[in-house]
Amino acid sequence: MKVTLSALDTHESSFTPLVVIELAQDVKEETKEWLKNRIITKKKDGDDNDDFLTMAEQQFIIKHELENLRARDEKMIPGYPQAKLYPGKSLLRRLLTSGIVIQVFPLHDNEALKKLEDTWYTRFTVKYQPIDSIRSYFGETIALYFGFLEYFTFALIPMAVIGLPYYLFVWEDYDKYVIFASFNLIWSTVILEVWKRGCASMTYRWGTLVMKRRFEEPRPGYHGVLGINSVTGREEPLYPSYKRQLRIYLVSLPFVCLCLYFSLFVMMIYFDMEAWALGLHENSGSEWTSILLYVPSIIYAIVIEIMNRLYRYAAEFLTSWENHRLESAYQNHLILKVLVFNFLNCFASLFYIAFVLRDMKLLRESLATLLITSQILNQTVESLLPYWLQRKHHVQVKAKLQALKADIDATLYEQVVLEKEMGSYLGTFDDYLELFLQFGYVSLFSCVYPLAAAFAVLNNLTEVNSDALKMCRVFKRPFSEPSANIGVWQLAFETMSVISVVTNCALIGMSPQVNALFPDSKTDLILIVVAAEHALLALKFILAFAIPDKPRHIQMKLARLEFESLEALKQQQMKLVAENLKEEWREGGKEKTP
C-alpha cells in the first residue's frame, strides 16, 4: 500500500509546502473536516504572492492566521467532547494541549538552505556573516541575534588585545588597574551605542525599523471573555488587568524571592566546599589536593547551569499563567524574571568573594572557572549533543525509508519525517542570555581578570559556527518573527555596564595601593571612590547622549517618509472634501430643478 501525506496530495505541479501540521494518528474525520474548514475560512486573498513575499514571510503569515483562529460559538472540539472551548479560546493552543495536533512547524527549503550554508558556516574562516541572507531565510529576529553576536565578538577584540599584556604583568599594580578599568567602562558604553546605530541601519533596510507595537494583536496563549477592544474595535479576548497584577505580586514575586534565597543557600554550600578543599590542601600539600582546589568551582558552575535551566521552565509557566495580552509584554516579564535570577545565581559568589572575603586570588580563580565551564557546557548542551543525537536519528530514519522506498513518495516524505523528529528551536532567549552573562564576566570584574575578554572571543568565534549549524541542521526551522531591534536585551546590557562602573570603582578602592594613600581616614577614601564612580557614570551618560541612536542619513530618510505620508494623507483628505462638495452641489442642483 502506498504511503502518502495528505498535505502532499495536490494537483498543482508548482505547489510548495510551507508549513506542516502533524495530527495524532487516531484523529476523527469530523475533527479533520472542521479544522480544515476553519483554516480555509480564515484564509485571506493575496497572501500567496511568491514574488512579493519570501518563504519565511509566507510561513509567518500562515502561523499568524493559525494562531488567531479562536472559538466563537463552539463549546467543544467536534469529535472530542472532553476538549472544552469557550469564546475567545485559541483553537490551535487547545488542539495542541489536547493532543489532537502534535506539532506545527515550517519546512526547510533545501535549495535555499544549501546556498545559505555555503556562505555561512561550512568554510571555517573568520569572515562576516551573510546577515541579509539569514534574514531572508529565518526572519529579522534571528538575523539580529547573529548580527549582534558578530558585532559583540569583534567589539571584544580590543579588550582581549589589551587584556593579554595586563595578564602577563604584576596583578597588584594600581596604575594598570585604573587604566584598564577606565578603558573598560568607556568601551562598554561606546559599543552598545554604536550597535544601536548599526541595528537601525539594518532594520531600516529590512523595513521593520518603524514597527508599531501599540496595536499588536493578542498572543496565542492569552485568554479571556470574547469582547470588543475599545481602541481598535476588533473582537478579541478581554481579561481584567487587576487579576493579572494580583497574580504577579501575590504569586510570581514571592516565588522569585524564594528562588533567590535558595540560590544564596546553594552559594554558601559552595563556600563550605571551598573551605574544606583548602583545609585539605593545607594539611597534605600534595599535587592531588592542589587539583582538588578547582573541583568545588567546577561543581558549582555545573549546579548553576542546572538551576538556571530549571528556573527557566518555572518562569515560563508563571509568566504564561499571568496571562499577558501582548507577546512583547510576555517577553519583558519573562526576561525580567530570568535575568534577576541568573544575575544573582551566576555573580553572587563573585560579589561575596570580592566584597566580603576580599580575596582577589580566589576571585580570579572562581571567575575563570565559572566563565570557562559555562562556555564549555553551553557549547555541548546547545549544539554538540543535539547535533550528535540528530545525526544518529537521521541514520535510523534513512535505513527505514530505504526499506520502504518502493512504496512511498520518498523525497518530500523523507524530508517531513526527518524534520518532524528534530528538536524545536525555543527562540533567541537562551542565546542572548549567554551573551549577557558573558558580558557580565568581562565587564564586572575586568580589572581583576583582564583575560576574560580573550576567552569570550575564542568562545564566540566557535559559537557563530555552532549556532549556525544548530539553526540549519539540528533544530526545526523556526517561524520568522519581525523585529526592529534586540528589544529589552539592549536595556539589560546597558544596565550591566552601569553596574560594572560600581564594581570596578569599588575594587580599585579596595586595592592595597589606594588604601595606603589614606592610612588615617577611610572616610576620605570612600568619598573619593564615590566621587570617581559618579564622574564615570556621568561620562557614560554623556557618551550615550552624544552618540545618536540612528545615523544621520537614517534620520533624514525617516523624516522624509513621515513628510510624504502626511502629504499623501493631506491629498487624500482634500480629494474626499472635493468629492463631498461635488456631491452636495449635484444634490443641490437636483433640488432646484422643477
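Glycine is treated like the rest: Cβ placed from N, Cα and C.
So that you can see what the record holds, here are the features copied from TrEMBL:
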type: DOMAIN; residues: 134-560; note: domain 'Anoctamin transmembrane'
type: TRANSMEM; residues: 142-171; note: transmembrane segment
type: TRANSMEM; residues: 177-195; note: transmembrane segment
type: TRANSMEM; residues: 248-271; note: transmembrane segment
type: TRANSMEM; residues: 291-311; note: transmembrane segment
type: TRANSMEM; residues: 334-357; note: transmembrane segment
type: TRANSMEM; residues: 439-461; note: transmembrane segment
type: TRANSMEM; residues: 486-510; note: transmembrane segment
type: TRANSMEM; residues: 525-547; note: transmembrane segment
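Here the transmembrane segment (486-510) does not lie next to the transmembrane segment (248-271) in space: the count of CB pairs under 8 Å, restricted to residues six or more apart, is fewer than 3. Counting Cβ pairs closer than 8 Å and at least 6 residues apart in sequence, the transmembrane segment (177-195) and the transmembrane segment (439-461) reach three or more and so form a contact. Listed stretches 291-311, 334-357, 439-461 were compared with the transmembrane segment (248-271); the greatest number of C-beta pairs under 8 angstroms is found for 334-357. Residues of the same chain lying 6 or more positions beyond the ends of the transmembrane segment (439-461) and with a Cβ under 8 Å from any Cβ of it are 126, 149, 152-153, 156-157, 159-160, 162-164, 166-167, 171, 177-178, 180-181, 184, 188, 343, 346-347, 350, 354, 360, 363-364, 367-368, 370-372, 375, 379, 493, 496-497, 499-500, 503-504, 507-508.
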